[in-house]
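Asker: Shown below is the structure under consideration.
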Amino acid sequence: MPWLQIRINTTPDHVPAFEDTLLDCGAMVVTFEDVHDDPVYEPDLNTTPLWKNTKVTGLFEADADIEHIRPVIEHKAESLGETDIDMKIEIVEDKDWEREWMDNYHPIQFGERLWVCPSWREVPDPNAVTLMLDPGLAFGTGTHPTTALCLQWLDSIDCKDKTIIDYGCGSGILGIAGLLLGANNMVGIDIDPQAVQATEANAERNKIDPSRLEVKLPPYESDLQADIVVANILAGPLAHLAPTISALVKNQGQLALSGILANQAQEVIEAYQEWFTIDSITEKEEWVRIVGTKHA
């Protein structure tokens, strides 16, 4: 059967109010999406991660009284200071929503050897290195340029018998990719307990021996170091945490930083030059990856 769909574009702080309003008006379900397909980075503790511009969608039965619902939403928008609400109302045909969502995700190749593949898809190349990973709300799945840049770099280097730290690990995608590419063991570091569960679950899904993987919440031991460190977070935290992240890299070890817009790259480079020789800066869709080798 058809449905009445109401979509509201708003800011994260107004999302709960619009969600409650839609549910109070009789919405069968309310969902959140990103307006501009931006990434959601790992959330702080006890927070719900949302995009800077969020689309709130409510689905109602087709015969819902829109003449009653519309003014209720407009009144709520006015009370929130949104005098010109961005709202779209339409009738949509019934469909298998779960199937449509799943159909949007396909195996993706990163570099020469590495693929990331949803669990419901057939592995495209049985001889390739395949990381099985399903999409989730807060953590990376390889679709964003910053994650792609890091995965491509891991595919291009020699991970064999190395140790790797995935700083801000989220889903653990980067560290697990390193293990599949030959690293001996990996340590994931994150401030969110959800990351521990997500990384361990994804490692199990990829048949990683638990002895090769550990996920830590701060504080961690002061002498922790690895041959390879990957940090895909944001430019501000990367610059602020430069001494902390640099200390995790062994002498002559490799560091890859991403989550950085092109116009932020110089700030991050300057924060790390004390400890690293910058080997390369790679740009993809206005995002960059900075790679360096630690001084002996």
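Quick reminder: no glycine exception, Cβ is built from N, Cα and C everywhere.
For reference, Swiss-Prot lists these features for the protein:
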type	residues	note
BINDING	T147, G168, D190, N232	S-adenosyl-L-methionine binding site
Asker: Work through the binding-site residues one by one (T147, N232) and point out the residue whose CB has the fewest other CB atoms within 10 angstroms.
Answerer: T147
Asker: What is the biggest Cα to Cα gap, in Å, among T147, G168, D190, N232, the residues listed as binding S-adenosyl-L-methionine?
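Answerer: Output for S-adenosyl-L-methionine binders T147, G168, D190, N232: max Cα distance 16 Å.
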